[in-house]
Amino acid sequence: MGSTRKGMLNVLIAAVLWGSSGVCAQYIMEQSQMSSQFLTMTRLIFAGLILLTLSFVHGDKIFSIINNHKDAISLLIFSVVGALTVQLTFLLTIEKSNAATATVLQFLSPTIIVAWFSLVRKSRPGILVFCAILTSLVGTFLLVTHGNPTSLSISPAALFWGIASAFAAAFYTTYPSTLIARYGTLPVVGWSMLIGGLILLPFYARQGTNFVVNGSLILAFFYLVVIGTSLTFSLYLKGAQLIGGPKASILSCAEPLSSALLSLLLLGITFTLPDWLGTLLILSSVILISMDSRRRARKINRPARHK
């Protein structure tokens, strides 16, 4: 198998597994009465420990980032506003609605990123970016109102946490680039997850005796942490390195689709026609942004003409 096909397969598998992890989280919260806060705490702590262990085995100097005062502060900011907030708001959205809706709303983050950079740089967005912003807004409108502006198809709390999740995901994607370039992805993400989980520990550790535990729930939690977080993250990284960010972004659109399909098959949650239309519009915005990124990359790499 060629490197491009292998990369595409890795990203596609990662996207499907990420979609299934949201469904798995919904199953755990519904069947065990576990709060989204407690699940966020335990998921972050265990996933962080696994990623740091993998990083250490890989030969990374995982403690270097902590020994640098300035970078340690940046890591703390990323841990709180990035890793902790993106996981907590995502699970809160699931708790208030369902995994498929939460996943689709979080996919607004690429549009938020390009809109933010256009504002900061005071540059007019290109036609593809403008269309992406427009389709994401229309898609969100259809998803949350079913086309009726006088009513919401999801609760106001679900809408609030879903939008917050998208903004948190935008921050999570853009903020740590300097840290990752200096220390590597696994140490930065591993520490951010572990620190984020430990921050919640004093507030929610006592909830550990207030929910149902059985064999299927333990298996589901193992899947969520090991398969849906650690393995998935590694697959996506390897795939994105082989095929590049724009292609990886397009293939990652399989995540909300797999979440919607698995929600239907495993949890009995159905999407209506406006839900599907809204989802497809939001996913199309991601594809448009990826197309714009590829166009810009080709323009930059194009050799200059000589007279």
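Glycine is treated like the rest: Cβ placed from N, Cα and C.
For reference, Swiss-Prot has these:
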- 1-7: topological domain 'Periplasmic' (TOPO_DOM)
- 8-28: transmembrane segment (TRANSMEM)
- 16-145: domain 'EamA 1' (DOMAIN)
- 29-45: topological domain 'Cytoplasmic' (TOPO_DOM)
- 46-66: transmembrane segment (TRANSMEM)
- 67-71: topological domain 'Periplasmic' (TOPO_DOM)
- 72-92: transmembrane segment (TRANSMEM)
- 93-99: topological domain 'Cytoplasmic' (TOPO_DOM)
- 100-120: transmembrane segment (TRANSMEM)
- 121-124: topological domain 'Periplasmic' (TOPO_DOM)
- 125-145: transmembrane segment (TRANSMEM)
- 146-151: topological domain 'Cytoplasmic' (TOPO_DOM)
- 152-172: transmembrane segment (TRANSMEM)
- 167-291: domain 'EamA 2' (DOMAIN)
- 173-184: topological domain 'Periplasmic' (TOPO_DOM)
- 185-205: transmembrane segment (TRANSMEM)
- 206-216: topological domain 'Cytoplasmic' (TOPO_DOM)
- 217-237: transmembrane segment (TRANSMEM)
- 238-263: topological domain 'Periplasmic' (TOPO_DOM)
- 264-284: transmembrane segment (TRANSMEM)
- 285-307: topological domain 'Cytoplasmic' (TOPO_DOM)
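Residues 83-84, 87-88, 91-92, 94-95, 193-194, 196-198, 200-201, 203-205, 207-208, 210-213, 216-217, 221, 224-225, 229, 267 of the same chain, all 6+ positions outside the topological domain 'Cytoplasmic' (29-45), place their C-beta atoms under 8 angstroms from a C-beta of that stretch. By the Cβ criterion (under 8 Å, sequence separation of 6 or more), the transmembrane segment (152-172) is in contact with the transmembrane segment (100-120), since 3+ such pairs are found.
Within its own chain, the topological domain 'Periplasmic' (238-263) has Cβ neighbours under 8 Å at 3-4, 6-12, 14-16, 18-20, 22-23, 26, 98-100, 103-104, 107, 110, 269, 271, 276, 279, 282-283, 286-287, 289-291, 293-294, 297, counting only residues six or more beyond its boundaries. Long-range neighbours of the transmembrane segment (100-120) within the same chain, counting only residues 6 or more positions beyond its ends whose Cβ lies under 8 Å from a Cβ of the stretch, are 19, 22-23, 86, 90-91, 93-94, 129, 132-133, 136, 140, 143, 154, 158-159, 162-163, 165-167, 169-170, 173-174, 249, 253, 255-256, 259-260, 263, 269, 271, 275, 278-279, 282-283, 285-286, 289, 292. Within the same chain, the transmembrane segment (185-205) packs against the transmembrane segment (72-92): three or more Cβ pairs sit under 8 Å, each pair at least 6 residues apart. Under 8 Å from some Cβ of the topological domain 'Periplasmic' (121-124) lies no Cβ of any residue in the same chain that is six or more residues away from its ends. Break the topological domain 'Periplasmic' (121-124) down by DSSP state and the numbers are 1 helix, 0 strand, 3 coil. Here the topological domain 'Cytoplasmic' (146-151) has Cβ contacts under 8 Å with residues 272, 274-275 of the same chain, all six or more residues outside its ends. Within the same chain, residues 55, 60-61, 64-65, 71, 74-75, 77-78, 81-82, 109, 113, 192 sit at least 6 positions outside the topological domain 'Periplasmic' (173-184) and bring their C-beta atoms closer than 8 Å to a C-beta of that stretch.
Helix, strand and coil residue tallies for the topological domain 'Cytoplasmic' (29-45), in that order: 14 helix, 0 strand, 3 coil [DSSP].
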